[in-house]
Amino acid sequence: MTTMLVGVPRRARKVATRSTLRCLCTTTAPHENSDESRSGPQSPFLADPNKKKLIDTMLRVDHAGEIGARQIYAGQLAVFRNTPVGNVIHEMAEQEKKHLNAFDALIKERRVRPTAMLPIWNVAGYALGLGTALLGKEAAMACTVAVEEVIAEHYNEQVRALLKDDTERQLRALFREFRDDELEHKDTGIEYDAEKAPFYRALSDVIQAGCRAAIAITERV
């Protein structure tokens, strides 16, 4: 997507990204993204026969993930506030704030226990954001690309797990909306030179491995 839209203003890219996602939906199955319906390994959520436990796990992980994202952007803003790229980071942080507010409400409404790892994820997220920002704008954006790719994949897995559950249409729609926001953030990171970061691939691999480990831990604790 980003390569195809070089030279297009960032806000126009966002519109194009959403339009493309809508087109993908209509060319596969009604209201479904092609990534959601393609064959692949069965989601671990599908193996859980207890729906309450399934939804609790989803919400606990997503709530923790949005707290981590908030802290990453807070760490980056500590370095880049009042700079042009700081304005871009602030915009993404505001979207993450909206996501977190939604999950704050959902875990209260559904009486879900937040993960016991929240204090650690708070500190780790801020440290990751601050550390990559200190390496430069490109490294900060590389962090955004790596994290948002994992989060978007995770939301997509959750959408697939709920495809046949008509009682959770609103939750499924929320996951799709937030997934699309994360994909926009990923595109923004690439637009702002993430791939020019020193040791980009190694940095991305390390960050993504950490994110996946955090998801696995949060599912259980």
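Positions of Cβ are set from backbone N, Cα and C atoms, glycine also.
Automatic prediction, not curation, is the source of TrEMBL annotations.
Quick look at what TrEMBL lists:
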{"type": "BINDING", "residues": "GLU66, GLU96, HIS99, GLU182", "note": "Fe cation 1 binding site"}
{"type": "BINDING", "residues": "GLU96, GLU148, GLU182, HIS185", "note": "Fe cation 2 binding site"}
{"type": "REGION", "residues": "29-48", "note": "region 'Disordered'"}
Margin query: Measuring Cα to Cα, how many Å separate GLU182 (Fe cation 1 binding site) from GLU148 (Fe cation 2 binding site)?
Written below: 5
Check: Non-local Cβ contacts of HIS185 (Fe cation 2 binding site) (under 8 Å, 6 or more apart, same chain)?
Finding: MET92, GLN95, THR144, GLU148
Margin query: Are there any residues at least 6 positions away along the chain from GLU66 (Fe cation 1 binding site) with a Cβ closer than 8 Å to its Cβ? List them or say none.
Written below: GLU96, HIS99, LEU100, PHE103
Next item on the list: Would you list, in sequence order, the residues of this chain other than GLU96, GLU148, GLU182, HIS185 that have their CB within 8 A of the centroid of the site's CB atoms, where the site is the one recorded for Fe cation 2?
Entry: ALA69, MET92, GLN95, THR144, VAL147, ILE151, ALA152, ASP181, LEU183, GLU184, LYS186
